[in-house]
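Among the features that TrEMBL reports, domain 'SAM-dependent MTase RsmB/NOP-type' is placed at 34-398. As annotated by TrEMBL, S-adenosyl-L-methionine binding site applies to CYS152, ALA153, ALA154, PRO155, GLY156, SER157, LYS158, ASP183, ASP210, ASP236. Marked as active site, nucleophile by TrEMBL: CYS289. Taken from TrEMBL, the feature region 'Disordered' applies to 403-470, 675-765. Residues annotated as compositional bias 'Polar residues' in TrEMBL: 424-433, 723-732, 743-752. Taken from TrEMBL, the feature compositional bias 'Basic and acidic residues' applies to 675-690, 702-715, 753-765.
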Amino acid sequence: GWAGGYPEIVKENELFERYYREQGIVPAGEWDAFMAALREPLPATLRITGYRSHAREILHCLKEKYFRELQDLEVDGQKVEMPQSLSWYPEELAWHTNLSRKILRKSPQLEKFHQFLVSETECGNISRQEAVSMIPPLLLNVNPHHKVLDMCAAPGSKTAQLIEMLHADMNVPFPKGFVIANDVDNKRCYLLVHQAKRLNSPCIMVVNHDASSIPNLQIDVDGRKEILFYDRILCDVPCSGDGTMRKNIDVWKKWTTQNSLQLHGLQLRIATRGVEQLAEGGRMVYSTCSLNPIENEAVIASLLEKSQGALELADVSSELPGLKRMPGITKWKVMLKDGQWFEEWKDVPSNRQTQIRPTMFPVKDEEKLKAMNLERCLRILPHHQNTGGFFVAVLIKKSPMPWNKRQPKVHQKLPQRTEDTEVTAANSDNGCESINEEPALPENEESKKIQDLQNSDTEQSKKERVCGPPPSKKMKLFGFKEDPFVFLPEDDPLFLPIQKFYALDPSFPKMNLLTRTQEGKKRQLYMVSKELRNVLLNNSEKMKVINTGIKVWSRNSDGEQFGCAFRLAQEGIYTLYPFIHARIINVCIEDVKILLTQENPFLSKFSSETQKKVKDMAMGSIVLKYDPDPEKPGDLQCPIVLCGWQGKTSLRAFVPKNERLHYLRMMGVEVFKAKRKEEESESKTEEEVQHGMAQTEEGMDVEDKEHDLVVKMEAEIGEESSHSPVESSTMEVENKIEDLDQSSKNANNRVSQESKDTDMSNVKD
């Protein structure tokens with residue numbers, strides 16, 4: 001029969017069963033349980049971000065309020081099970097429930113819980129992510145000083161985990177480490193930007209390259225240029241995706257061994273490029289959402305064999321206690337899509353030797369095989385802990401790869417540049433560079449190479465302070481041409497009034513400020529970490545940068561009459577706050593509630609202490625800080641920093657709507673009902689409120705240009721399309737954004753139906 005216009009997919013595939021029975025990846029006696037689990041829908045899982053000090057408050061709110069409301073609840077005659085924490089995920093920060101996405105979206109009893117999930121996801125406080133996809137970042141063991149490369153990063157849930165780990169200590173606004181997140185698909189890069197933006201980190205850069213030929217980058221180390229090697233690399237390669245059958249049911253009818261045979265070569269090239277760029281002593285995690293040994297153990301065995309001892313598999317059996325895993329296998333066979341088996345390369349007929357390659361077969365030498373320790377790989381089977389299928393291998397680099405025994409470095413001292421405010425984000429349209437690591441050069445060749453580098457730098461310096469391509473945003477065959485990244489020169493007159501107005505600390509790293517415009521007024525100021533600035537400045541012709549930096553200031557059309565043309569931006573306030581010494585108002589929890597529930601409240605509504613502080617302060621942008629009182633455990637116990645605006649007779653907060661709702665929930669305010677009332681009253685009070693508002697101007701941001709593309713991309717992958725409103729000074733703009741959100745959701749419903757027939761041959765979690 002037809003359900004919703006589409007025939008129901010039969011969850012049977014004879015070739016799949018025959019193939020995996022023969023490979024022996026499932027323990028004896030568990031085959032029926034394995035197949036039964038694959039036919040069941042995947043439980044919904046969510047992860048609370050450990051990035052902010054608010055994580056404990058969100059966890060408390062979830063457990064004490066929303067989960068309790070699910071007790072004894074029945075939906076469509078099915079009892080809702082209480083959500084359970086994933087036993088292997090640290091600090092109870094990941095949970096799973098038997099509620100499917102369809103039930104969450106459609107059921108009126110769960111509307112409040114669903115609204116909570118959507119809103120908190122937009123704020124970056126919750127990530128709805130499949131349980132097994134949380135494993136690779138955990139096994140990377142990222143520390144705040146690590147330089148991290150995510151080779152195939154879109155859509156970005158694992159990248160978000162990596163960013164959280166960099167910011168483990170929230171008292172450090174600029175960790176020394178960074179994440180470079182790469183994806184070959186230009187459109188998916190914008191989805192990646194959208195995910196990363198939720199975490200407001202100055203330490204993330206999104207680039208667009210073919211992972212198998214991602215270029216060597218250079219950094220300046222004490223005046224000399226050196227090749228950048230990464231401490232940690234996440235290599236989550238494109239795969240056939242047969243571990244995702246529970247959520248991507250198309251795989252049942254489309255599965256064939258041909259997919260894995262076609263992808264094996266690409267997976268091996270990407271993994272090889274990854275280990276080339278790994279620092280000695282560094283760790284690389286290779287992962288797929290496939291169960292197939294051709295995409296898993298075969299790739300790892302081939303990599304270990306050609307590394308000649310430079311790599312070893314790490315023993316992670318003691319990490320993530322509570323996670324049920326199967327060891328990697330040492331024997332497997334290769335099958336063609338017609339069901340023909342081959343046990344050794346010598347058995348493959350010559351007419352099949354383009355489809356089947358020698359690297360797909362297990363190593364025959366028993367000594368070599370034993371030394372590889374392939375059993376240290378992890379395979380997650382769906383029936384063990386009610387998850388998807390997954391494969392992970394953790395590699396440690398002990399020495400340079402044999403084809404490049406000496407790590408390529410440029411040793412000669414370079415003269416200090418006086419005007420290093422210049423960088424060009426890569427602009428080869430296809431984003432592809434040479435596939436191999438640069439060979440070790442004789443000294444005279446190295447010197448010649450350095451001279452060429454210096455000459456190209458000098459030529460570049462003669463131009464205006466450009467940090468990227470011309471700002472043409474026209475869609476090209478290989479993606480958008482990106483706006484430039486222009487660092488503020490040290491003597492830029494723009495900065496002095498900002499520094500005076502906010503009494504910025506002398507330690508403030510103003511050299512890390514950049515704009516995305518080459519000509520005309522600078523409307524937004526962004527900030528990156530010192531280390532990412534180094535990467536941007538030294539790789540002008542190599543990188544195609546899609547996005548980096550967080551917005552810290554926005555131009556305000558009326559600001560100059562108040563002493564500063566730029567107001568603070570909420571997304572960068574936690575980074576800026578440690579450096580600001582003026583225009584800070586400490587507020588009590590009742591004041592915070594007024595700021596977040598009323599659009600433009602009069603000063604008389606605030607506490608007498610707040611009124612006194614505001615009295616002698618000039619109009620303009622301000623910081624509103626709430627510090628918890630340990631003697632009042634019933635109140636919110638995490639600090640809050642908000643951007644605000646002080647008018648003649650009023651005080652207001654500039655906070656995106658979802659972030660407002662987040663803080664109100666944490667304070668115990670019932671926002672579900674409040675939101676309904678607000679929507680009813682908005683049309684009545686709009687003109688009145690607009691009349692009394694402080695007039696500011698948000699300006700057209702780079703992200704705004706990308707908004708439609710992100711809406712479309714989220715629709716294509718069948719996700720919720722709920723977009724965080726841009727900060728704005730009028731309710732009219734907020735209403736328009738809500739209308740846009742609603743229309744994008746409608747579009748999403750249509751597109752997600754169409755996407756049911758999408759080819760799943762290249763699935764990534």
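Keep in mind that glycine also has a Cβ here, set from the backbone N, Cα and C atoms.
Neighbours of CYS289 (active site, nucleophile), defined as other CB atoms within 10 A of its CB across all chains, total 27. If you measure from the Cα atom of ALA154 (S-adenosyl-L-methionine binding site) to that of CYS289 (active site, nucleophile), you get 14 Å. Each residue in the domain 'SAM-dependent MTase RsmB/NOP-type' (34-398) has a pLDDT score, and their mean in this model is 92. Between the CA atoms of CYS152 (S-adenosyl-L-methionine binding site) and CYS289 (active site, nucleophile) there is a gap of 13 Å. Counting only the Cα atoms, the space from GLY156 (S-adenosyl-L-methionine binding site) to the residue listed as 'active site, nucleophile' is about 15 angstrom. Calculated from their C-alpha atoms, the gap between ASP210 (S-adenosyl-L-methionine binding site) and the residue listed as 'active site, nucleophile' amounts to 20 Å.
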